Amino acid sequence: MSILKNLAKNLGLTNITQPKKKYATVGEKKSDEEKERAKYKVKNIDNLKEDEVTKCPSCGVLSHKSEIRANMKMCSNCNHYFNMSARERIELLIDEGTFKEEDVTLTSANPINFPEYVEKIEKAQHDSGMNEGVISGLGEINGLKVSIACMDFNFMGGSMGSVVGEKITAALERAIEHKIPAVVVAISGGARMQEGLTSLMQMAKTSAAVKKMRLAGLPFISVPVNPTTGGVTASFAMLGDIIISEPKARIGFAGPRVIEQTIRQKLPENFQKSEFLQECGMVDVIAKREDLKATIFKVLNDII
């Protein structure tokens, strides 16, 4: 008889239950944390800090962030495409040592005195290390000189305000000035609501610049990647002479759930994905990320 039961008997107590054993038994369920580790098979996860690890939203595998960066921001398990920053896009597409950034000092004002907009801009600048949501300039793709602009989703969701619209317009006008092709990589949640009509005006402004490119007889390559939506889709992003995208990129105006609730119909499978748009004739080429630079160069070589 256990010590606990002897004590209970001496005190005249009944219904005393011994505490449950705390050590593991055969068939005992694993903790949630142990299940996660077993499921994702992450090596040396105990030695990694939380901010050093990223979980793939597609396959669930945990990977070291440095591994993802070294793999062109792709999951090494399922090839899911993580978003690239504007500078990473520049490094991917432009020959090393040839990029010259333009319009570096342009920053947004607060044209309609939207509450807390200035604070949001400052936070986005601090978090992203950028002045605004697009980087533009001149560079070379396999020796071919181009004017390029790359948007960044990390800066307020890649939203297009007055400065983003101005820098994209300037990139197209710079192409006309130098008589070279223009390449714009679009990734955006749409027009920046904090700037009201000023942001909506950028749709017309950038579209007019595309028209100038066309009148000058110069090629404009648009590269909408995941996600490209709203006013950016409804303006310059879908006006390229050739539109190139990455696999499974979502490109559309409103989100699919909003559309389904509006029309009260089920949307087709892969709706708004780049493959679906290619079937409908709205995207010309789908290129894997590792082939994107070579694809743009080949297209430009063929049409110049």
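Each Cβ is built from the backbone N, Cα and C atoms, and glycine gets one as well.
As written in Swiss-Prot, here are the features:
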DOMAIN    52-304  domain 'CoA carboxyltransferase N-terminal'
BINDING   C56, C59, C75, C78  Zn(2+) binding site
ZN_FING   56-78  zinc finger
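The candidate set comprises the binding-site residues C75, C78. Of these, C75 has the most other Cβ atoms within 10 Å. Taking each Cβ in turn and tallying the other Cβ atoms within 10 Å, the top scorer among the binding-site residues C56, C59 is C56. Neighbouring residues of the recorded Zn(2+) site, listed in sequence order and excluding C56, C59, C75, C78, comprise P57, S58, G60, V61, S76, N77, N79, H80 (Cβ within 8 Å of the Cβ centroid).
Counting residues of the zinc finger (56-78) by DSSP class, helix then strand then coil, yields 6 helix, 4 strand, 13 coil.
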